[in-house]
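Here is what TrEMBL says about this protein:
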| type | residues | note |
| --- | --- | --- |
| ACT_SITE | Asp116 | active site, charge relay system |
| ACT_SITE | His181 | active site, charge relay system |
| ACT_SITE | Ser509 | active site, charge relay system |
| DOMAIN | 1-86 | domain 'Inhibitor I9' |
| DOMAIN | 108-545 | domain 'Peptidase S8/S53' |
| DOMAIN | 609-713 | domain 'Subtilisin-like protease fibronectin type-III' |
Amino acid sequence: THIVYMGSLSPENSFNHLMSAAANNRHHNLLSSVLGDEELARSVRVSSFGRSFDGFSARLLPEEAERLKEHPNVVSVFPNQIRELHTTRSWDLIGVTQSVRRNLKFERDVIVGVLDTGINVDAPSFDDKGLGPPPAKWKGICQEGANFTHCNNKVIGARAYAFDNDHGEPAGSSPCDLEGHGSHTASTVAGSLAKGASLYGLMKGTARGGVPSARIAMYKVCGKYCTDLNILHGFDDAIADGVDVISLSAGGGPFAGYFTDAISIGSFHAMRKGVLTSVAAGNSGPDPNTVSNVAPWLMTVGASGTDRQLVTPITIGRDGFKTLGNSINTVSAGKKLLPLVSGRTAQNSSSNDAKTFPGACIDGSTSKEMVKGKVVLCNGAIEGDSVLKRDGALGMLMADYKGELDAAYAFVLPTAMITPERYLAIERYINSTKNPQVLIHKSRSIHVDSPFVASFSSRGPDRYSKTILKPDLVAPGVNILAAYTNLASITSSPLDNRFSDFNIMSGTSMACPHATAAAAYIKSFHPDWSPAAVKSALMTTAEYAYGSGQIDPTRAVDPGLVYDLTEADYVGFLCSMGYNSVMMKPIVGRDDVACPLTKAKVRSSADALNYPSMNLQLPIPGTGGPVAAVFRRTVTNVGAANATYKAEVGGDVAGWSIKVVPETLVFGEVNERKSFRVMVRGPPVNIDDGVLSASVEWRDTEGRWSVRSPIVISADLLT
């Protein structure tokens, strides 16, 4: 960021509340005239001054700053120097600053079990300075292996699993991290403060976990992929070892039932021992019904974006036309423009792929002679950067047709992902220019509005249970800087020679450990709370427009009311889903289990479980008249002993009636339970109505607590 100082205010530009928009426009016009691109000017300008002096700030390349200095209205342009390093932004964004209130005595005793790809214990994020020995309750081990010789008082345990040799590469017999994924997620949960963290200067700050004094136990259940067998062994050990929370950033695959699914099984038994399992919702968005990990005892986490987006500036041609792409480009480009060629022009005439996918940079589809020493414009690509790197190309511009430009990714070549519209514009430039040239600059961050749900984040509702709203909540998962392994390049490609203690990654894999840390943070204040109470606290204090909300951990520590659940409640829910007594007895290890409810009766009921959210998927019209549903819920008072709450119904659901009975709940002691009903009536749901969203919010009369539950009604697209 640079400051563009324009001197004293002239009388006509003196600041007042009516002139702020005019100042913005005036500064935008000046910046646009110098950069030659209105869109670029709009994206790089940060703010305007105008109360005591005139000027503005903008994110500028050095040559752009030099051009601005030459403008007659500009006095000077200078870098916005960093005076004090700030934390990586995701935790600050959701209120967990370095100075947030903590219960360190108990936080140091919280053990987070991470089921992932292993851990780089020597990374700065896992420094154990200031931590005492592991808690007395810890029963785990530190398994040594190749490139892994010790644990410490931060990473107190590590195991690796290599049971599955029938599906290719097993996870391995050493807890060392060969992929970087496990180190990244573990440090996001409970990494120590690592000052000066960055990826080759990008997103520089202090990397830290949400509970930096908590302990980590790594269960290496994944290599390049994860298997159910290893996952179940990981759960088996983690529960017995004494972990308090489990984090698993994996999932997907066909789902046929809760107890034919390894993650559902492992997490059910964790729940029985008082351990909450936090899981990733999946990266198959934005289509509906794509969420994975849907068991109600899981905390299923979608991904939200932060207020920082990585962009990659592109200079096209000698005239210096500027546009923006998207990537994690760590290379400073310098000032020399490079030759630019279209993948269509450079295609290999003998390749069938080149004929089928013209312009796509697929292995064998481009001519090595035509791409060598050039930047290649690709009409989509499958591992195109590796193909072009091997053939001697110097860079890649690639059209993105998935619409996922909110997240940035690293490539083995200087690369920028661009929209299809920009791809066509650059293609026209190439076709109309004798010697087309381009320069791909180092990425930089810009400010964007947040939070928002990431494009890739899998959406609900749940395919399997029509009354459970999944994901449960969202957490930051876009462009997250955290620890990495020193045993893999930042792209994991053998063609890449860049190695770093930190990496920037995106996915619900990155969101999941944020929610895990939030749960651990709550446990440090309320060690006796059940997994359901912890999850309820996070869900009912979340920020949302509709459906699931973004976590607010500091509010969740004191939620006022919780929707609690016991093992017996989940058993009743499973009975409603068609599991019978014969099936349930061995699952819970008791003979006194009875399933009196039939599947047909309760599958259509809205109150099969005391869940913090209320979800109803209804058949598409043609099956009957108006819709009527009743959600029966019970809340437990965890706030003040004497408290009165009143219900408020929010949302804009035209034509629907939503009533809460009773409308007032009066509590006389802590842990007292009160029940209520939410009665919903309305017309048949049309597939064109989309998602109908409302909420029930319980507010105490003293103005201290607000406990909000989303209500979502939608057409069942699978019927």
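Residue numbers in this text run from 1 along the chain shown.
Placed from the backbone N, Cα and C atoms, the Cβ positions cover glycine too.
Predicted automatically and left uncurated, TrEMBL annotations should be read as such.
Bear in mind that the values here come from a model prediction, so they are computed numbers and not experimental data.
Secondary structure of the domain 'Subtilisin-like protease fibronectin type-III' (609-713) per DSSP, as helix, strand and coil residue counts: 3 helix, 62 strand, 40 coil. Long-range Cβ neighbours of Ser509 (active site, charge relay system) (same chain, at least 6 residues apart, Cβ-Cβ under 8 Å): His181, His184, Thr185, Ser249, Ala250, Ala280, Asn283, Gly477. Residue environment of His181 (active site, charge relay system) contains 25 other Cβ atoms, counted within 10 Å of its Cβ in all protein chains. Around Asp116 (active site, charge relay system), a 10 Å sphere centred on its CB holds 29 further CB atoms from the protein chains shown.
Mean model confidence of the domain 'Peptidase S8/S53' (108-545) amounts to 91 (pLDDT, 0 to 100 scale).
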